[in-house]
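Q: Under the heading N-acetylalanine, Swiss-Prot lists 2, citing similarity to another entry as support. Annotation source Swiss-Prot lists ATP binding site at 45, 46, 49, 50, 51, 52, 251, 278, 319, 321, citing similarity to another entry. According to Swiss-Prot, the active site annotation covers 74, on the basis of sequence analysis. Per Swiss-Prot, the feature Zn(2+) binding site maps to 289, 292; the stated evidence is similarity to another entry.
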């Protein structure tokens, strides 16, 4: 159409196309194809299949990237179960892959988690533990945040092409994304109270794995870490380098949690434009099942709501399977569903 609209110089067909927005492709192909991505977070409510999805994503990424690392920050450490292989705090090659590595960390273990028996030998040490706990409470989250900071420093030095985070349930995830702010705030608070806690600072540093140092040395170490932390923080807020994939199931509580998570991610300025809806029931017309049909109707209601609410998201629909996805071969098979929409029996 050659004519513009009412002198605005805009083609009429642009307006004609506007009302009917095509739904975005229901796959994670956009993630695989965006080669600028460095950090990919996979998270959501507990029990929705985050680990299976994050491991599957890592497998697909390994087919096109030079080196891929998947990190579990969930104390449950389910990636060992998913790949049927024991992983540790050190990146370990996943069996059957040359460029896929996995590691598990538990950043939530701080001084407060140490058993009382550790301090029984000396009353002074026992008192020291209480003092350390009081000191740590002055800047909550600093031990967990410093653990994240150390992991980030190590990971950045290893130069992986892309890092996938299999995150813990929502609360831990938001702390992970906010750790740069927590460390900066904690550093300021430490400078204010370092003279008060100086007698116990060496014990506290040993508990945090920071070696034997005084308050000034600890503050200096934190200041040295800040540039790395700030760099990571900037990357987290860059949609070209970082994105968050929400995993949920088609139920009210999970949908509510997903919306809350997306709102929090927006506040943190973290990009998110992909949702995986897992464990969907697709009735088999050749094998009628009242329970399956009832479940399918409930899920369909919430799926419709999600498609209305998140029309600017890629919504990936994954089926509930009759078996566990465990072992590298099964994870690899399941991972294909991230790129090729699942076809239920009734449509095959």
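Positions of Cβ are set from backbone N, Cα and C atoms, glycine also.
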Q: Can you tell which of the binding-site residues (49, 319) has the fewest other C-beta atoms within 10 angstroms of its C-beta?
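A: Among the binding-site residues 49, 319, the sparsest Cβ neighbourhood within 10 Å belongs to 319.
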Q: Would you pick out, from the recorded positions 45, 74, 251, 289, 292, the residue whose Cβ has the largest number of other Cβ atoms within 10 Å?
A: 74
Q: List the same-chain residues at least 6 positions away in sequence whose Cβ sits under 8 Å from the Cβ of residue 51 (ATP binding site), in sequence order, or say none.
A: 72, 74, 78, 79, 81, 82, 166
Q: Between C-alpha atoms, which of these binding-site residues comes nearest to residue 289 (Zn(2+) binding site): 45, 49, 251, 319?
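A: Comparing Cα positions, the closest of these binding-site residues turns out to be 319.
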Q: Measuring Cα to Cα, how many Å separate residue 251 (ATP binding site) from residue 292 (Zn(2+) binding site)?
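A: Residue 251 (ATP binding site) to residue 292 (Zn(2+) binding site), Cα-Cα distance: 15 Å.
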Q: Grab the ATP binding residues from the record (45, 46, 49, 50, 51, 52, 251, 278, 319, 321) and give me their largest CA-CA distance in Å.
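A: So the binding residues stretch over 19 Å, Cα to Cα.
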